[in-house]
């Protein structure tokens, strides 16, 4: 009998490098007896026999004939599958399984694809100083320069490299042109894995001085998926001429441009060229430049500035590559604010008599023009250099402060003060005390009398009765002193009263406390009568005892029941 032409099937298996894979023979069917063979088909179409198996009944007996030097070798499992431990690059082949059942022959081809994740992406930027292109010069011959080279090693299949600037993909062609392009080269390593190298060329401009570049590698994964590995970001060092210069006064200047006298002031100068050129600091005096310092940092510190240093300061950049029409200098005004000590038209103390009037002037010199205000005990009295006091009272006494400040220059202020003393006779104030009972005062009740006085010189307080306390500052206000006297009310005090007197060099003032009619205390009178009766009884007993002692010579004397007159 003539053998039938074998039928063929095809399948695709994908695996990551290093993972085990088992190839199914899709031609196997439910046969009690068959012969299975696995072949490796090379690119020329020649088949190399790898393994075979034969099934009789329920048992499948097979063996590997040739692993073709593979390590670890091929294996054949109990289900007739060809097992490849640890997938390798060389395993990317077509594997053919042939099943013979009687005279019939069936075969199936399996294509194995192996994927390998590349190593971490490396980028090597150009470390040199790269010149930029000035669009205004229209240099048609200027060609792009090499920016960086990106490497992706040991992947499979070959990955792809994309370049980015500031997170945006750079769509540069592979063809050389004047704006930018990229080159790419793929190398198959001895391991069979593939490495890719890409170099980016760009026509750089000044705007690229702060740009962030990186490259990204996109690689294949099984089932149509893709992975991505980004390189670290890098910046370029560019060389471009200075076009503009900035110059300003730094801290502690104010928003109005003033600095305080005595402060240290920093002057800053910045050109927009690279690399940084020399900065020349100068001061304009009589339209002449007085050079102060030359450095590469662009900073100048003036220690402890004084008012005489106010004026015009400037900075110039020495850049010989700059355009002819570029302005390479700038000036700024330094204004030093100062405030001299305040002067008052009176001394630290001013003494006036009660009822008088006066004016006090506060003189100030400063720049910018200071603002003046007067206060007393932190209470505002008015603005301006003149303080007017009319018909003064004892309440006018105290400390007056003239304060100078500059709203445009914080923390620059001064104060000057004087103390006003008001001369005059005492003012006296007495605290009247009310009786404890509604009917008025009673004999012997205790009362506390208080007198307060003020004046200058400080008045002395005295009482018409002994026992007054020394004068002390009173709680009622500044300048007041008070004294108290505690005593018992009697009828005599009711008739005469108790006086309190305040006196100083300018006069004296008196106040008399009256108690009205004073009622006797009945309970106390009864106690006194009883005490007198007891005293008399005791005296009679003493006399009787003495009489008995004189008559002791007579028997029966002073005994109970004695007859006759003593």
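All residue numbers here begin at 1 and follow the chain in the order shown.
The backbone N, Cα and C atoms fix where each Cβ goes, and this holds for glycine too.
Copied over from TrEMBL, here are the features:
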type	residues	note
DOMAIN	6-113	domain 'Ig-like'
DOMAIN	118-235	domain 'Ig-like'
DOMAIN	252-335	domain 'Ig-like'
DOMAIN	341-419	domain 'Ig-like'
DOMAIN	426-504	domain 'Ig-like'
REGION	54-77	region 'Disordered'
TRANSMEM	525-547	transmembrane segment
I need to check the long-range neighbours of the region 'Disordered' (54-77): which residues 6 or more away from its ends have a CB within less than 8 Å of a CB in the stretch?
22, 31-36, 38, 40, 48, 83-86, 88, 90-91
Can you break down the domain 'Ig-like' (118-235) into helix, strand and coil residue counts using DSSP?
11 helix, 59 strand, 48 coil
Per DSSP, what is the residue count of the domain 'Ig-like' (426-504) in each of helix, strand and coil?
6 helix, 39 strand, 34 coil
Treating G and I as helix alongside H, and B as strand alongside E, what does DSSP give for the domain 'Ig-like' (341-419) in helix, strand and coil?
3 helix, 45 strand, 31 coil
